[in-house]
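In what follows, a single structure is set out as structure tokens and then discussed.
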Amino acid sequence: MTDAPNRLTIRRPDDWHVHLRDGAVLAGVAKHTAHQFARAIVMPNLSPPVTTVEAAAAYRNRIVAAAGPGFTPLMTAYLTDTIAADEIARGFAEGVFTAAKLYPAHATTGSAHGVTDVANIRPVLERMEKIGMPLLIHGEVTDAHVDIFDREAVFIERTLSGLVRDLPGLKVVFEHITTADAVAFVESAGPNVAATITPQHLHINRNAMFTGGIRPHMYCLPVAKREVHRLALRKAATSGSAKFFLGTDSAPHAVGAKEAACGCAGIFNAPYALESYLAVFEEEGAIDKFEGFASEHGPRFYGLPLNEGTVTLERSGTQVPDMIDANGTPIVPFHAGEELVWRYLG
Ligand code: DOR
Ligand code: ZN
């Protein structure tokens, strides 16, 4: 890593958690991810969800066509109560599925077909453990009696700790962690457990959703928590620990779907993701830890090669627009209207 005061060059990074959608919006958003990242783990919560090898292969082709050359989408299978272990294993063996995603049913956008009880997919998980296929987890309970700000911590207690104990050989990525509880869990677990951290959970706490009124563009799931949790996430991300790596959870929704009586969850951060993360690392005095988080810890956990090539950022500022036109769909990006300190040069 060359670390001149006003310029930073790092190995080309990857995004280990992104929503690229489909159709016209895919063409409008995939190019932003491909501009900054060599590879991305693509979430399968389309409508209908990506539950077969054929559907994932076809979706991968559409992404490649939309993103252009030089970008590799890494596909995921959407786990349902009834999905067959053979289908998951076949997709992994054929190099179509890189991982499988566990959405507890009704936890978030596009999770209606998710898993109602992890006991239902036990044979699938055992098979994944055996073949070394990573399980990516949206870690929130869906019990309406549990306070929404506690759903991640309760998921650790009720589901995740037992799963990790019973299947110690299973590679688990605890996705988009939002709490000090999750940080502590991941740190105390064995080497098969890691976590992604989004830029928004490093920048905002739950107050951001209510500054002077309701702020739908600050709403995502899991929802941002108290400041103490944000600080724990910043410490984990910038610690240099190989258990934590970059996953934007960029989740675009049309402005009208966010600014509504029942606004969708999701923050579109793909266009300025690296600038956003790097601001945090600089504020924490940890620019030297950025390359590991962005470009090394993820591929090592997944058992994939590190990227060749580099990207460079310079401290000359980026003005984030109020709105981005995603091939005809207007979307408000994370940091809309703000000036970020760093500029991505490519
Ligand atoms: O905020 C979110 N948006 N969280 C998720 O888990 C799903 C995502 C989406 O697909 O919009
Ligand atoms: Zn997501």
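Using the three backbone atoms N, Cα and C, a Cβ is placed for every residue, glycine included.
Computed from a predicted structure; not experimentally measured.
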### Query
Out of K101, K171, which is the one TrEMBL records at the Zn(2+) 1 site of H17, H19, D249?
K101
### Summary
Of H176, H201, H203, the one that TrEMBL places in the same Zn(2+) 2 site as K101, H138 is H176
### Task
According to TrEMBL, H19, L20, R21, N45, H138, L221, H253 bind substrate; identify which of A34, A57, A265 is listed for that same site.
A265
### Query
Who sits close to H19 (Zn(2+) 1 binding site): which same-chain residues at least 6 apart have their Cβ under 8 Å from its Cβ?
V42, M43, N45, D249, S250, A251, P252, G266
## Note on the structure
Counting across all protein chains, other CB atoms within 10 angstroms of the CB of H138 (substrate binding site) number 25
### Query
Just counting, how many other CB atoms are there within 10 A of the CB of H17 (Zn(2+) 1 binding site)?
26
### Residue among binding-site residues L20, L221 with least C-beta crowding, 10 angstrom cut-off
L221
## Note on the structure
Cα of H176 (Zn(2+) 2 binding site) to Cα of H253 (substrate binding site), in Å and rounded, measures 18
### Task
Compute the average pLDDT of the predicted model within the domain 'Amidohydrolase-related' (15-311).
98
